[in-house]
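The active site annotation in Swiss-Prot covers Ser266, Asp458, His520 and is backed by sequence analysis. The disulfide bond annotation in Swiss-Prot covers Cys179-Cys419, Cys313-Cys327, Cys337-Cys360, Cys344-Cys353, Cys382-Cys389 and is backed by similarity to another entry. The N-linked glycosylation site annotation in Swiss-Prot covers Asn210, Asn509. According to Swiss-Prot, the signal peptide annotation covers 1-17.
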Amino acid sequence: MKFLTTGLLATAALAAAQEQQVLQAEDGHGQAPQRDASIFDETLQKFQSSLEDGISHFWSEMKTNFKDYLPLISLPKKHTRRPDSEWDHVVRGADIESVWVQGADGEKRREIDGKLHNYDLRVKAVDPSKLGVDPGVKQYSGYLDDNDADKHLFYWFFESRNDPKNDPVVLWLNGGPGCSSLTGLFLELGPATIDKNLKVVSNPYSWNSNASVIFLDQPVNVGFSYSGSSVSDTVAAGKDVYALLTLFFKQFPEYASQDFHISGESYAGHYIPVFAAEILSHKNTNINLKSALIGNGLTDPLTQYPQYRPMACGEGGYPAVLDQGTCRSMDNSLERCLSLIETCYSSESAWVCVPAAMYCNSAILAPYQQTGMNPYDVRTKCEDMASLCYPQLNAITEWLNQESVMQALGVEVQSYESCNSGINRDFLFHGDWMKPYHRLVPSVLEKIPVLIYAGDADFICNWLGNLAWTDALEWPGHKKFAEAKLEDLKIVNNKDKGKKIGQVKSSGNFTFMRIFGAGHMVPLNQPEASLEFFNRWLGGEWH
């Protein structure tokens with residue numbers, strides 16, 4: 001079995017062969033597509049001979065148990081592309097790439113850096129009255145098209161409720177990999193949610209209360225996005241995000257002049273260091289990146305995986321979920337897990353990073369999964385595994401699949417799903433899961449502040465692990481940050497002034513927050529507290 005998360009599709013038991021069930025991709029008739037087993041065998045044999053014995057063993061297990069179930073790429077979505085004439089705006093990346101200006105030194109240079117000629121951006125002005133989502137607030141939806149690779153990323157933009165001419169712009173990314181950011185929109189921090197009767201309910205604590213927010217379905221084939229190809233690693237996805245922002249701000253220069261922040265949760269702990277580094281690598285850009293925020297992220301597996309046992313066994317501030325025997329078993333498995341992750345860090349090759357993910361997720365994550373407790377909140381049982389332990393997702397999915405909704409948004413796929421297991425599988429089997437993307441954070445910290453926040457009831461990307469990797473990160477401010485003490489985080493902006501909502505430590509450009517009483521999705525469990533620290537962060541506090 002494997003458990004799906006709104007932020008992390010933890011393939012928790014891929015290596016536990018006897019008890020596993022792998023979610024199979026189906027063709028249009030409900031049958032698993034045929035695989036070319038001979039090619040699969042030859043590929044594994046070619047590389048197995050050069051691997052260490054332990055790693056080779058895991059590839060042998062995968063070859064035996066999973067070759068008939070795992071496609072090498074996720075299947076494309078059925079879609080119908082709308083003609084450009086049906087869109088309110090179409091921005092051509094080639095037009096942007098062709099603009100040259102003269103610098104102060106007299107030399108000619110491109111106005112905006114980056115490979116953009118293959119990208120277009122299609123924009124639809126959404127009529128809020130048709131959907132009932134934040135009536136009166138300006139909204140846009142559409143697609144970023146990579147015409148060379150046949151990739152089409154869906155986005156939905158909400159202007160700030162407060163002062164859109166001056167408020168910052170924020171990009172929100174859910175994780176997975178393979179989960180739609182519309183989950184974040186309707187379940188967590190967006191302007192509305194959907195009740196069990198499919199009625200739109202306003203969210204007074206939406207993050208667009210004082211900021212304009214872009215919700216992006218990425219990588220391709222997630223949510224309303226689609227493609228004839230696939231993206232199976234974080235670095236490739238970063239190029240698409242840079243193009244989206246560049247073309248969006250070119251179409252809407254009124255937002256380009258404002259501060260921009262990139263935010264997300266869970267597997268976005270992989271995405272955001274890469275995406276921020278990609279943006280910052282361009283000297284001439286129209287993206288005014290000011291900070292990055294990661295909530296309950298997976299960023300440094302080598303440092304975070306040792307904290308799963310303490311969190312599950314009563315050392316994270318909540319009662320133990322696992323018995324002492326299971327806790328000892330996790331301890332006994334940890335050394336081998338960390339050895340595999342270290343090898344992955346050294347090589348960054350899929351042929352060693354995949355076995356690390358398979359073994360560690362089976363030995364370290366699966367014991368918790370088998371209890372039936374919610375992996376995103378140690379306080380509760382998992383109500384419905386099919387809906388990722390949150391039945392509210394069923395109503396959100398049903399609402400988004402209505403023809404009237406898809407028509408209003410300009411959607412080009414036939415259906416919406418909150419998470420795509422095929423994308424998760426692609427990233428896993430390309431070795432992305434265990435790669436050391438935290439190594440990019442120091443270079444990001446040189447230029448912008450970074451906030452790592454964590455709901456303290458989450459298991460899957462728990463606060464202990466996030467505190468551990470931020471304390472361990474090697475950067476010029478490492479010593480001062482590691483020595484800084486956690487201090488009370490209190491509400492300062494409303495009637496609950498003085499109420500403790502968590503703990504915070506900060507030094508230089510780096511800040512860590514523990515949010516009390518929140519699981520994996522902080523804005524869902526603590527909406528008031530999340531908007532409090534979000535607004536204060538955007539306002540410049542702690543940096």
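Each Cβ is built from the backbone N, Cα and C atoms, and glycine gets one as well.
Looking only at other Cβ atoms within 10 Å, the busiest spot among the disulfide-bonded residues Cys179, Cys344 turns out to be Cys179. When the C-alpha distances from Asn509 (N-linked glycosylation site) to the active-site residues Ser266, Asp458, His520 are tabulated, the minimum falls on Ser266. Closest to Cys313 (disulfide bond) by Cα-Cα distance, out of the active-site residues Ser266, Asp458, His520, is Asp458. The recorded positions close to Ser266 (active site), defined as a CA atom within 10 A of its CA, are His520 out of Cys327, Cys337, Cys344, Cys353, Cys419, His520. In this structure the C-alpha atoms belonging to His520 (active site) and Cys353 (disulfide bond) are separated by 25 Å. A count of other CB atoms within 10 A of each Cβ picks out Cys389 as the most crowded of the disulfide-bonded residues Cys313, Cys389. In the shown protein chains, 21 other C-beta atoms lie within 10 A of the C-beta of Asn509 (N-linked glycosylation site). If you draw a 10 Å sphere around the CB of Asp458 (active site), it holds 33 other CB atoms from the protein chains shown.
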